[in-house]
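As structure tokens, the structure follows; a few thoughts come after it.
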Amino acid sequence: GGSCGQCRVEVHSGGGDILPTEEGHINKREAKSGCRLACQVAVKQDMEIEVEDEIFGVQQWECEVISNDNQATFIKELKLQIPNGESVPFKAGGYIQIEAPAHHVKYKDFDIDEQYKGDWNHFGFFDVESKVDEPTLRAYSMANYPEEEGIIMLNVRIATPPPGRLHLPAGKMSSFIFSLKEGDKVTISGPFGEFFAKETDNEMVFIGGGAGMAPMRSHIFDQLKRLQSKRKMSFWYGARSKREMFYEDDYNGLAADNDNFQWHVALSDPQPEDNWEGMTGFIHNVLFEEYLKDHEAPEDCEY
């Protein structure tokens, strides 16, 4: 427990002092106001706590895996089917929690697209195994937006052991997710979230990299497709090389159909075969140098 940091509550009385397992998720100011992780608070006396209203709307669903395909070398798009007649009433930028039972998975059994197997072999990752003796819970942002109904779509990056140190534990949940195949059953709960767009006319600047694509896609699709927003917006995405880029067709289509939207990619390690003539470097630096440095009012943008 205490690893995901998602079960925050306000403890007004009782509960004792904050534990070391909470300090990585709760700063001193938050701790002073009574913020705690519910999973770490032992109930030994009468307590007064406050939880966010949204918690009372949380539900649980048993979903079925529709697909679980590579989008990049170490990123999969997990698409889940919600039970017929039901829906997850989430907002763009929201997240769900996904449950994994105790399990023992072998990386050699993963379905990895042929174009990515070279890197997996190079680092010896197909020799890795992940054994988990108790149920595990983790949070993932939705990549789909609310009008993509009946499904939940996640972008999941696998947390492998560091290359050359394969004896170290692999990511419990990401290893489980990479092992999922079409037709498998998965339990999720939600919706949760606070990373929501404000209802203003301010310019929107989206910044992401890797599996951080998920909430960006949800937000941008929601703004342009559901809300048909005319706000000026741009998406700045960072990838290692051209092979690690994904959803290109989606964003190219949005840019073609919406004059108020642009998207930009910077590669941090372009390969010779990429023949890349675009921007290079880390995306936060590129955003500053190429745009925000000369922006007339960057403080007015919503990020």
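Cβ atoms are placed via backbone N, Cα and C, with glycine included.
Worth saying up front: this structure is predicted, and the values here are computed from it rather than measured.
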Residue in C35, C39 which Swiss-Prot records at the [2Fe-2S] cluster site where C4, C7 also bind: C39
All-chain count of other Cβ atoms within 10 Å of C7 ([2Fe-2S] cluster binding site): 20
Chain residues in Cβ proximity to the domain '2Fe-2S ferredoxin-type' (1-45) (below 8 Å; excluding those fewer than six residues from its ends, i.e. six or more beyond): 51, 97, 137-139, 192
Cβ neighbours of C4 ([2Fe-2S] cluster binding site) where a neighbour is any other Cβ within 10 Å: 15
Local Cβ density at C39 ([2Fe-2S] cluster binding site) - other Cβ atoms counted within 10 Å: 16
Residues of the region 'Catalytic' (201-303) by DSSP state, where helix covers H, G and I: 47 helix, 23 strand, 33 coil
